[in-house]
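Participant: Sharing a structure here in structure tokens format.
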Amino acid sequence: MNKLYIGNVSEQASALDLESIFEQWKIPFSAPFLVKSGYAFVDCPDEKVAMRAIDTLSGKVELHGKVLEVEHSVPKRQRSCKLQIRNIPPHMQWEVLDGLLAQYGTVESCEQVNTDTETAVVNVRYGAKDQAREAMDKLNGFLMENYALKVSYIPDETAAADAPAVGGRRGFNPRGPPRQGSPSLGARPKLQSDVPLRLLVPTQFVGAIIGKEGATIRNITKQTHSKIDIHRKENAGAAEKPITVHSTPEGCSSACRNIMEIMQKEAIDTKITEEIPLKILAHNNFVGRLIGKEGRNLKKIEQDTDTKITISPLQDLTLYNPERTITVKGTLDACAKAEEEIMKKVRESYENDVAAMHLQSNLIPGLNLNALGLFPGAASGGISPSVVSGPPPGAQAGYQSFGAQMESETVHLFIPALAVGAIIGKQGQHIKQLSRFAGASIKIAPADGIDAKQRMVIISGPPEAQFKAQGRIFGKLKEENFFGPKEEVKLEAHIKVPSFAAGRVIGKGGKTVNELQNLTSAEVVVPRDQTPDENDQVVVKITGHFYASQLAQRKIQEIISQVRRQQQPKPSAAGPPVARRK
């Protein structure tokens with residue numbers, strides 16, 4: 001992208017005029033200017049120089065009474081789904097931009113571009129041409145925090161092939177190597193950069209980290225190729241403030257070390273004698289795996305880095321604050337090494353969770369997995385809030401049919417008897433929160449006996465409530481280390497089906513149930529010779545990990561719905577009978 005288009009060129013302008021402007025601003029060019037009526041083209045040595053020309057000249061330099069407009073030269077056939085957005089406010093929250101971009105369609109990827117300017121630049125790919133065109137029309141000149149956005153097309157190499165990829169989850173790449181897609185595209189990209197580093201720093205050090213007129217934080221940002229958000233306005237009066245670092249793992253670690261060095265220097269200058277520990281915020285979903293079975297993972301990190309690590313208690317969590325504080329004490333070098341190891345484990349956990357989520361997401365039509373709160377949200381700098389605003393484009397029909405099926409279902413989920421306390425929580429607090437969050441009725445059935453190894457959780461609610469409630473229970477068992485760090489949580493779930501539909505679930509010669517097991521990876525058993533209960537229902541047993549179990553439950557409910565529809569009497573052509581008056 002080193003070829004430039006220069007617009008709004010005066011009829012009096014010549015190639016020499018344009019050459020002198022580029023020379024005046026010390027912008028090299030690698031070929032003569034091609035001047036046409038009202039516009040011109042020129043080649044730059046590389047993309048970085050082209051970006052500098054756009055930032056320096058576009059809308060700022062006048063020639064013969066006309067202000068030049070400079071942007072990437074894009075052939076018509078390549079003006080498809082890719083846009084470049086420039087002049088983004090430097091300290092803007094990425095979630096805000098994410099939400100803005102999402103208003104115009106599916107954002108398949110968004111890569112931040114390295115520039116020498118204070119403002120940020122991103123390359124965005126939309127899922128369709130019309131979405132990109134609408135975003136271009138609406139966002140060009142759009143004011144954000146007194147900065148007017150500048151939007152232009154950039155070459156879309158795939159446009160000629162006419163094969164745009166299917167839309168996926170939005171995510172912003174940090175400064176550094178482009179992420180090359182998003183988790184829901186066909187090829188599995190590297191996901192480490194999706195997990196920002198979240199730090200908690202004493203409020204008295206925030207000023208030193210920012211520096212005079214933001215010079216220090218700008219310097220860190222430039223050196224480490226990162227995007228750093230200091231959340232000064234959060235929790236007014238709090239003793240500590242969160243900092244979010246978006247970058248590659250190496251960039252995050254480098255920024256973390258710089259911030260620790262500044263805090264240590266400030267502590268010495270202000271004669272603070274107590275130790276300043278490193279505090280990392282991590283979503284609770286990942287902490288169980290960070291700790292490991294019997295604390296083995298955490299102990300190993302402590303031994304390898306010569307640090308002392310503590311983690312805030314579960315009681316501090318709420319539905320609105322799902323993060324735990326990991327406190328690391330040791331020398332600066334030791335803390336920096338511990339941060340690398342801790343975040344490596346967190347990123348691995350995130351990558352595994354997202355892989356599992358997207359593996360099954362396309363198999364459950366219309367279910368917006370990101371909206372269900374099973375994975376880190378914007379609070380922890382993870383998946384952004386615009387993702388949860390509704391179903392993905394293209395899944396509208398599925399979403400509506402899913403939403404229309406609001407009939408309540410009852411599922412019996414069997415958990416280890418020892419886990420009952422963790423699910424209920426202190427004075428029943430956790431199970432109440434879970435019930436409110438999921439919109440489901442959740443009850444723990446009495447134990448079958450003193451030596452019972454399992455307890456039954458009775459969950460009643462519509463499909464989405466089932467998904468939320470069961471997902472949180474699976475997650476809780478993992479967090480509380482009832483399963484090993486590399487062990488999948490597999491639970492048995494029982495659902496009741498009408499006896500007249502049991503044969504359809506099994507299929508001829510067991511064909512349907514076998515296909516169901518192959519599709520979902522869950523074990524599905526319809527016990528033979530069951531006596532139907534008083535409601536003429538029999539039990540179907542499903543055993544598997546969360547997504548396998550969910551998919552099997554949904555498929556079985558689909559079969560039941562089909563059977564019920566087929567059994568409904570067809571309406572008479574003559575219409576309903578008219579009631580006679582007595």
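All residue numbers here begin at 1 and follow the chain in the order shown.
Every residue gets a Cβ built from N, Cα and C, even glycine.
Pulled these features from Swiss-Prot for this protein:
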type	residues	note
DOMAIN	2-75	domain 'RRM 1'
DOMAIN	81-156	domain 'RRM 2'
REGION	164-190	region 'Disordered'
MOD_RES	Ser182	phosphoserine
DOMAIN	194-259	domain 'KH 1'
DOMAIN	275-342	domain 'KH 2'
DOMAIN	408-473	domain 'KH 3'
DOMAIN	490-556	domain 'KH 4'
REGION	562-582	region 'Disordered'
Participant: Which range wins on Cβ pairs under 8 Å with the domain 'KH 4' (490-556): 194-259, 275-342, 408-473?
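Facilitator: Looking at each of 194-259, 275-342, 408-473 in turn, the most contacts to the domain 'KH 4' (490-556) are made by 408-473.
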Participant: Tally the residues of the domain 'KH 3' (408-473) by DSSP class, grouping H, G and I as helix, E and B as strand, and everything else as coil.
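Facilitator: Grouping H, G, I as helix and E, B as strand yields 32 helix, 20 strand, 14 coil.
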Participant: So, by DSSP, how many helix, strand and coil residues make up the domain 'KH 1' (194-259)?
Facilitator: 33 helix, 17 strand, 16 coil
Participant: Average pLDDT across the domain 'KH 4' (490-556)?
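Facilitator: Across the residues of the domain 'KH 4' (490-556) the model's pLDDT averages 87 on the 0 to 100 scale.
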Participant: When the domain 'RRM 2' (81-156) is classified with DSSP, how many of its residues are helical, how many are strand and how many are coil?
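Facilitator: The composition, in the requested order, is 20 helix, 28 strand, 28 coil.
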Participant: In the domain 'RRM 1' (2-75), how many residues does DSSP assign to helix, to strand and to coil?
Facilitator: 21 helix, 20 strand, 33 coil
Participant: Going by DSSP assignments with H, G and I as helix and E and B as strand, what are the residue counts for the domain 'KH 4' (490-556)?
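Facilitator: Its residues fall into 32 helix, 19 strand, 16 coil.
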